[in-house]
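Undergrad: My questions will all concern the structure given below.
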Amino acid sequence: MSSINIDGTDVPFEPGQTIMDAALAAGVYIPHLCHKPGISPHGSCKLCTVDVNGRAVSACTMAAAEGQKIENNTPALNEVRKSITQMLFIEGNHLCPSCEKTGDCTLQAVGYHLGMLDGHYPQFYPRREVDASHPSLVLDRDRCIMCELCVRASREVDGKDVFAIGGRGTGRHLIVNSATGKLADSDITTDDLAAHICPVGAILIKDHGYEVPIGRRTFDLHSVAETDLGEVKLTKTRHHDE
Amino acid sequence: MSNNEKLRRIAVDPVSRVEGHGKITLLLDEANHVREARFHIVEFRGFEKFIQGRPYWEVPYFVQRLCGICPVSHHLAAAKAVDQLVGVDTLTPTATKLRQLLHFGQTLQSHALHFFHLSSPDLLFGFGSNLQHRNIVGVIEDYPDLALKGVRLRKYGQQVIEVIAGKRIHGAATVAGGMNKSLTLEERDRLLVDLNDVLGWAQDAVALNEKIHTEHPENHGFGRLNSNYLSMVGPRGELELYHGGLRANRADGSAIFDQFDYRGYFNAIREEVRSWSYMKFPYLTELGRDDGWYRVGPLARINNCNFITTPLAEAARQRFRAFADGGFVHDTLAYHWARMIEVLHCAESIRDLLLDRDIMGTELITTGEKREEGIGVIEAPRGTLFHHYKINEDGTIKKANLIVSTTSNNQAMNESVRSVANEYLDGHEITEGLLNHLEVAIRAYDPCLSCATHALGKMPLEIELIGAKGEMVDRVAKAASGTITRTR
């Protein structure tokens with residue numbers, strides 16, 4: 001079998017796999033937010049930036065190829081990743097202390113993993129709209145990191161087309177494909193993957209919150225670097241061991 | 001409001017050893033008589049405004065950040081309001097008892113912190129004693145046993161909170177219509193280990209306060225106010241901290257109202273805004289703006305209740321009331337005494353709840369039909385705490401009103417300051433020891449200034465420069481309109 005080399009370790013890959021696919025299959029963690037196995041790669045969060053033969057690329061979109069020498073877990077790359085994470089925090093309104101998703105949030109977990117101790121950059125405090133129109137879902141754009149997992153899940157898995165990103169630059173925001181632009185007038189339901197895939201707390205199930213006690217939340221029990229964690233961290237409501 | 005053109009001004013800034021920051025201004029006339037005392041609140045929060053538009057189930061988690069000392073009180077008052085929003089009037093026995101246990105842990109730790117860490121230095125060393133020594137470190141040096149008891153009492157209360165909420169400060173306990181976990185056998189047994197010690201320390205704390213009051217009759221009139229009192233009581237008129245009806249009494253013990261359903265609180269209480277403070281001035285509607293001010297907190301609760309359900313605290317309450325020949329105790333420093341009686345009640349109640357089978361039950365959540373309005377009231381350590389929310393059809397907050405315990409004591413604190421100032425400052429040179437008396441009077445109320453600043457849209461700012469001899473050198477005032485005026 002062909003292999004690539006990540007941080008000095010040979011990692012096998014099959015034709016068609018990306019560097020991220022191969023790394024996850026081998027249990028090698030490359031930090032990421034916009035990637036999820038089973039959904040087409042997007043390459044937007046740039047957290048998975050690795051150094052391939054001296055060139056910086058996104059591991060989730062770069063095809064694995066024989067002879068690639070990849071640097072991943074290096075102080076320099078992790079420092080860049082930390083800066084990216086800090087920018088994601090300051091661009092939105094991430095109030096972890098009161099957020100239902102705290103302890104289950106991948107952005108927060110990545111922040112801890114990378115040793116992020118503050119936002120570093122000045123806060124943007126953008127004005128973003130909360131859409132609570134849907135009877136069983138709430139969309140809080142304050143927390144959206146534009147990873148487009150919900151956009152892709154809706155199109156590729158749910159067979160719908162509920163979400164998209166609109167606007168430009170710092171005005172970018174999640175939009176809803178309905179006549180009014182409101183979630184209530186879209187065809188999303190709580191059975192959709194798009195309703196549960198958000199890695200932060202931007203899409204939440206309505207009337208529920210804080211039901212998993214501190215100490216039993218996903219990242220109380222697991223590290224974000226556990227590469228087989230995918231299903232757990234992306235499923236809200238109850239923790240898997242309950 | 002006084003015309004202050006010719007008045008000399010004395011400022012105590014900042015007031016120390018209270019939760020938050022405050023400032024006192026005394027307006028003296030030319031003969032050094034105190035014309036008016038103002039306890040300024042110089043912080044601004046804005047929670048009522050910025051939770052608008054947020055989903056209702058987030059609210060208990062938002063508002064507990066009002067404070068790091070008694071977040072549990074805000075958490076629970078908001079949770080009670082949220083219960084109503086989801087149409088739940090009665091929780092399961094397990095959920096109710098868990099919340100009570102959480103609240104007793106909270107009250108125990110907050111009271112212990114206030115008495116031992118913040119106030120005991122004044123009472124043990126004297127109000128005018130050396131400032132360098134009159135603090136918790138001084139208490140540890142001179143009274144190590146007492147200091148240790150205080151620290152451990154507080155720690156125990158925090159452990160109770162941690163077991164239920166997952167963290168000692170700003171944890172996660174309530175959900176709409178219930179709680180998110182019950183106690184495990186291991187957790188319960190861990191809390192039972194220290195319980196006898198805690199009961200002993202609480203009894204010692206009551207005894208110390210009895211001694212302070214009986215052996216120092218000179219404190220009897222210190223900041224004393226014959227005030228009205230407001231508190232929650234249980235259905236039989238017993239001391240109740242988590243849920244009950246409102247009772248208001250006049251200074252002579254006669255009833256203003258009793259077993260008042262707190263969901264109609266806005267009929268019983270109004271709030272007045274004054275231009276010089278962020279903190280509002282609530283008053284009892286029935287008595288009007290001038291006479292309707294009242295006191296809340298431990299002194300109000302121990303005065304107002306008919307009895308206490310736990311035996312040791314009830315015996316302590318009877319000794320307390322005997323101090324005033326069976327009437328109400330109006331001494332402002334008796335707040336500390338009443339506070340320690342409540343600590344004892346908390347310790348006894350924690351024991352009873354830990355031994356209750358329901359506390360480890362699994363029925364945690366009740367559901368109901370959603371409503372548009374929810375009102376939660378609780379007796380926080382510092383007094384009656386009101387949380388009132390209205391929601392939009394989509395479940396987001398439309399309107400919020402919080403009347404925080406310290407706010408209710410606002411007028412009383414000003415009155416106590418004026419009373420103490422007139423007694424100790426009038427016609428004399430101002431010494432640090434004398435000024436300290438003012439802080440002692442305020443500190444008795446255990447004010448939490450960070451919680452209490454809610455006068456939205458009114459942002460007066462006053463900067464005063466006081467010369468070495470106490471004369472006012474400069475004063476710049478910014479009015480609510482934004483106009484800046486300078487007086488010399």
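FYI, residue positions are counted from 1 along the chain as it appears here.
Cβ atoms here come from the backbone N, Cα and C positions, even for glycine.
TrEMBL: automatically predicted annotations, no manual curation.
Straight from TrEMBL, here's the annotation block:
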type: BINDING; residues: B:Glu48, B:Leu402, B:His454; note: Mg(2+) binding site
type: BINDING; residues: B:Cys67, B:Cys70, B:Cys448; note: Ni(2+) binding site
type: BINDING; residues: B:Cys70, B:Cys451; note: Fe cation binding site
Undergrad: Taking 10 A as the limit, how many CB atoms besides its own sit near the CB of B:Leu402 (Mg(2+) binding site)?
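TA: There are 23 such Cβ atoms around B:Leu402 (Mg(2+) binding site).
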Undergrad: Spatially, and counting Cα to Cα, which of the binding-site residues is closest to B:Glu48 (Mg(2+) binding site)? Options: B:Cys67, B:Cys70, B:Cys448.
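TA: Checked the binding-site residues B:Cys67, B:Cys70, B:Cys448; minimum Cα distance to B:Glu48 (Mg(2+) binding site) goes to B:Cys67.
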Undergrad: Give me the count of other Cβ atoms within 10 A of the Cβ belonging to B:Cys67 (Ni(2+) binding site).
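TA: So the Cβ neighbour count for B:Cys67 (Ni(2+) binding site) comes to 25.
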Undergrad: Other than its own, how many Cβ atoms are within 10 Å of the Cβ belonging to B:Cys448 (Ni(2+) binding site)?
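TA: Its Cβ shell of radius 10 Å holds 27 other Cβ atoms.
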Undergrad: For B:Glu48 (Mg(2+) binding site), which of the three DSSP-derived states applies: helix, strand, or coil?
TA: helix
Undergrad: Please give me the CB contact count at 10 A for B:Glu48 (Mg(2+) binding site), counting all chains in the structure.
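TA: If we count other Cβ atoms within 10 Å of B:Glu48 (Mg(2+) binding site), we arrive at 18.
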Undergrad: Do me a favour and check the Cα-Cα span between B:Cys67 (Ni(2+) binding site) and B:Leu402 (Mg(2+) binding site); whole Å is fine.
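TA: Rounded to the nearest whole number, the Cα-Cα distance is 13 Å.
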Undergrad: How many whole Å apart are the CA atoms of B:Cys70 (Ni(2+) binding site) and B:Leu402 (Mg(2+) binding site)?
TA: 15
